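Novice: My questions all concern the structure below.
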Amino acid sequence: MASKPHPPLMKKHSQTDLISRLKSRKILGVGGEDDDGEVHRSKISQMLGNEMKFAVREPIGLRVWILISAVGFTVMAVMALVFPNQLYEVVFEEELSMTSISVRLYGGALLSLALIMWNGLYTAEKIIIQWTLLSEACYFAVQFLVTSITLIEIGILPNAAMLLLLSRVLFLVVTMAYYYHLGRKPKKI
């Protein structure tokens, strides 16, 4: 028996066959809406979820606060580096009897914190913003303690130093409020 030659096989191109593509997507479970009303374009996006869910819900004024902090830290750092004696005299109302190296080191530390603030201003990652706020809060707390202990040791209470202490407490409260609000889990609607 002689066998007849078979006709060449026709391959189906699923990209051009719309019905085949729709059936494949339905079997995979993509393309339609899920329980949350989201339409996924691929199985990977369906598994990973929508990245908008992970976007940071920033408290009102957070970026402005970080900008003000970055500018303030930068200005204070430059003042401490360039004019250390004058900065000390303004706060403690007495001349710096020792070398000005300690005030300049303080300026260098402030400049480092200012760089962290500037970085926190331009990032969208929640954890970096939280660490930026926590660094700022730690600085304000340490500065409050160090200035208070120094004023007790000196035995004087200048108005400029009292204003500095009050401002540090206020800045610490504002920074911790933003830190707390940023760390809270969003309420489901």
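The backbone N, Cα and C atoms fix where each Cβ goes, and this holds for glycine too.
As listed in TrEMBL for this protein:
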| type | residues | note |
| --- | --- | --- |
| TRANSMEM | 62-83 | transmembrane segment |
| TRANSMEM | 103-121 | transmembrane segment |
| TRANSMEM | 133-154 | transmembrane segment |
| TRANSMEM | 160-180 | transmembrane segment |
Novice: Please indicate, using numbers and ranges, the residues of the same chain that are 6 or more beyond the transmembrane segment (103-121) and have a C-beta under 8 Å from a C-beta there.
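Specialist: Same-chain contacts beyond the flanks: 63, 66-67, 69-70, 73-74, 76-81, 84-85, 87-88, 96, 128-129, 131-133, 135-136, 139.
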Novice: Please report, as numbers and ranges, the same-chain residues at least 6 past the borders of the transmembrane segment (133-154) whose CB is under 8 Å from any CB of it.
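Specialist: Sequence-remote neighbours of the transmembrane segment (133-154) are 66, 69, 91-92, 94, 113, 116-117, 120, 161, 164-165, 168-169, 171-172, 175-176, 178-179, 182.
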